[in-house]
Amino acid sequence: MALNLTSSRRALGSLKPLTRAAFSGVRGYATAEPDLKATLREAIPAKRELLKKVKAHSNKVLGEVKVENTLGGMRGLKAMVWEGSVLDANEGIRFHGRTIKDCQKELPKGKTGTEMLPEAMFWLLLTGQVPSVNQVRTFSRELAEKAQIPEFISKMLDNFPKDLHPMTQFAMAVSALNYESKFAKAYEQGLNKADYWEPTFDDCISLLAKLPTIAAKIYQNAYRGGGALPAEVDLEQDWSYNFAAMLGKGGKENENFQDLLRLYLALHGDHEGGNVSAHATHLVGSALSDPFLSYSAGLQGLAGPLHGLAAQEVLRWIIQMKEAIPANYTEQDVNDYLWSTLNSGRVVPGYGHAVLRKPDPRFEALMDYAAARPEIANDPVFQLVEKNSRIAPEVLKKHGKTKNPYPNVDSSSGVLFHHYGFHETLYYTATFGVSRGLGPLAQLIWDRALGLPIERPKSINLEGILKQVEGQ
């Protein structure tokens, strides 16, 4: 059972903030190796020099802007700096040059399970370095120490209507955390621009620590009748374990779910900077809004049906397919259902991607996880996902209206949560929201360290476009 932060008679969400002194002498992973903040501090001068070198080429051309870019949501425009990851249309995502398989091999794992820790991924995203096991254990403990939410946030969540959308609750709670923003207070008092990154870092770590607690409390209130969370934060455990425990999935009997959560959170943490949640966080942060307000904007973007709701839509569609086709279905039955979906004017959820033109490596990582566990591989719902992943691409190619007919990560993630008993599809995006904090918050720290300016693109009306391009 988890180690209590205070008496077990008090609910986690209603605790008053503990001082650092309360934990003096309890850090179990003290090490001579630099912690995350010290590692970042050492990396900043070199990155600032790199920025100077890039600025020396300010008059060079990066690419062209076509009408289709301006009308098509700015797709394909190289218009923002994003350090943690690069997305290639054919190779998929790379984190500081490392593939997902590289990260699974190199990044430290939890005390149980075999999957990489999301906090190790955050370390990599922020510093470009692979942390040692001791460095990650120390960082995990720091996140656990800072996981409790202020009493007023807990009361606010308790007072929300139980059927208020989880993402609305999530965004409001994160936004309200700016009451304790170190950056906002330091900026108001006067702060050297070169030092903006430090209170921003502190806020980002505080927010990362609290995201699982907020998300778990929303789940408890909406789907489990409210009251205290099933477990309090265990100072000796990692970020994902504590999230799982607060969702009611702690202990040795739930190790597979805890490992799935580690993989899911690490995979969904960053996917370049142009997606809505990442870009919204960067955009709002560029006005020097604190990390809490900035990421609240990212969460509200994530709540949009075109961004963060795909996993639940896939699951609903798969279950509808399962009910519509025979119990002993054939590949032709699946093929026919796919065509019926397309011919009715709907899309096949979980297929295609704004950038990728090959199968999503994140999808493949989750499928590999499932294939290695017979209890998932034999799940009829999962088997239908696997069958679709082989049949749907050929159907979509024949249909001819998609640039990428391959499955994306959403094809499998919701189904895996469903397998482990989480059937509340409306909540899936909140889990995504816990994960997505990793990349945008890491970049927000670099935005402050590099002194990147407020985002201010030029807009143009339709008549202006026509006047400019007619006669070309």
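Each residue, glycine too, has its Cβ placed from N, Cα and C.
Residues annotated as transit peptide in Swiss-Prot, with sequence analysis given as evidence: 1-29.
DSSP assigns T402 (CoA binding site) to coil, not to a helix or a strand. What Swiss-Prot records for R75, K193, L306, V348, G350, Y351, T402, K403, N408 is CoA binding site.
In the three-state DSSP scheme, R362 (oxaloacetate binding site) is classed as helix. If you draw a 10 Å sphere around the CB of R362 (oxaloacetate binding site), it holds 25 other CB atoms from the protein chains shown. Per Swiss-Prot, the feature oxaloacetate binding site maps to H271, H353, R362, R436, R456.
What Swiss-Prot lists as active site is H307 (among others). Under the DSSP three-state reduction, H307 (active site) is assigned to coil, being neither helix nor strand. Around H307 (active site), the same-chain residues six or more apart in sequence whose CB sits under 8 Å from its CB are N275, V276, S277, G301, listed in sequence order.
What Swiss-Prot lists as active site is H353 (among others), and the listing cites similarity to another entry. Cβ-based neighbour count (10 Å, all protein chains) for H353 (oxaloacetate binding site) stands at 22.
The feature active site is assigned by Swiss-Prot to D410 (among others). Non-local contacts of D410 (active site) by the CB criterion (under 8 A, 6+ apart in sequence, same chain) comprise A310, A311, E313, V314, P349, G350.
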Sparsest-packed of the listed binding-site residues (T402, N408) - C-beta count within 10 angstroms: T402
Same-chain residues at least 6 apart in sequence whose Cβ lies under 8 Å from L306 (CoA binding site): V276
Cα-to-Cα gap, H353 (oxaloacetate binding site) vs R75 (CoA binding site), nearest whole Å: 12
Top Cα neighbour of R456 (oxaloacetate binding site) in the set of binding-site residues R75, T402, N408: R75
Separation of alpha carbons, N408 (CoA binding site) and R436 (oxaloacetate binding site) (Å): 16
